[in-house]
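Input: a single structure, listed below in structure tokens.
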């Protein structure tokens, strides 16, 4: 089986409609200024599609992790329920206005925005305040999520999801609204994310190398287990590499190690061997006695790490080996940095991998996918993000997809081959979302699984 194809925004009629778009504007903000607008820019094609065709946009997003108030809480006299200054989307509205070259209306309370929505005309854009100012958005109780979803759904006619970064969340705005409206469409960013991951997981150009880093083996167990049946090479870096190396009997000094995962590391290495997957681990290291950024850290001559030292990046010999394996592959998927790239003296390994992928993509047609989160940040910092085939906007979502899990925010969207509900067809009525589509009832859509081919 493969990823179930979903209807995209191109399948929806948006002219004259108020289109609810769940975007991912969870961007870094410092002193009221956005420091990286990548996620805002990534949503522009979907927004511009609606505006060009004469629809209006009602945008929903979260930012940060505010505590969240209850819908039943008394409304403050001079504020809104759940408001936190550090998590307001007002700076996003200002930046989006600059990018679109037009005014973006801002509703200061996402659940008290009916008057704003009612005034919208074709070509208008409205951004709702942070949906997570309300605890019901991500409540564990379905009835609470549904109550919030009904309020939001009443603002519009058509639902589009372009928030891959939160597709692994079962929330009022990701799964609740399409259930209320009876249909949901993938925006261009969501569609792009799904298509790239589907290709690399189900039918990639080969050889395929997975580059996996980060701090803990325990964080990547399911990813490694799922990917071993799909890849040709496995490159391991970051602190998780030292658990594998201790499991092989090497000295790791005072480097980070999950002692309770040594047997698991041995098991994964054995499974890789059984499946003819070549595993590459560091053969030298950049070390220090303390976790600090010094200009002249110790570089080991071989795989062994001296007593009293911790490894904080891969060494030059390892970099060359990793560059060579990337150069001979046709596809790469990268999740997790090779070292503490935030400190310049430990960034060489991570940046070298990024450069090797970027060069391979631009010069040799390598399919290169960055799995979001810290890896996306590292690619941006290295200057190589623009050279990749795809930089995912979803850290947690991409990780769960690589682990072989289905994503609730994708599963709920209308299937490409969906038929009109029998009752609606018999009555000859319009589809629930008002778009003219053949919509799937909520009950049917909710049971569709987004499944990857078994390794």
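Each Cβ is built from the backbone N, Cα and C atoms, and glycine gets one as well.
Note that the structure is a prediction, hence the values are computed from the model and not measured.
Within the listed segments 378-416, 417-455, Swiss-Prot records region 'Topogenic signal' for the stretch 417-455. The CDP site recorded in Swiss-Prot includes 214, 219, 336, 341, and the single candidate from 238, 315, 360 that the record places there is 238.
311 is the only one of 183, 186, 311 that Swiss-Prot places in the AMP site (with 215, 216, 220, 239, 342). With 23, 24, 25, 26, 61, 62, 64, 65, 132, 168, 169, 216 listed by Swiss-Prot as binding (2R)-3-phosphoglycerate, the candidate from 39, 206 annotated for that site turns out to be 39. Cα to Cα, residue 25 ((2R)-3-phosphoglycerate binding site) and residue 374 (ADP binding site) are separated by 17 Å. Checking each of the binding-site residues 215, 220, 238 against residue 168 ((2R)-3-phosphoglycerate binding site) by C-alpha distance, the shortest gap belongs to 220. Residues listed for ATP, 215, 220, 239, 311, 342, 374, 375, cover a largest CA to CA span of 21 Å. Summary: among the binding-site residues (65, 216), the fewest other C-beta atoms within 10 A of the C-beta are counted at 65. Considering only the binding-site residues 65, 238, 239, residue 374 (ADP binding site) has 238 as its nearest partner by CA-CA distance. Over all protein chains present, the Cβ of residue 39 ((2R)-3-phosphoglycerate binding site) has 22 other Cβ atoms lying within 10 Å. Neighbour list (residue 215 (ATP binding site), Cβ cut-off 8 Å, at least 6 residues apart, same chain): 238, 239, 240, 256.
Shown in sequence order, 212, 214, 240, 335, 336 are the residues of the chain, 6+ apart in sequence, with a C-beta less than 8 angstroms from the C-beta of residue 220 (ADP binding site).
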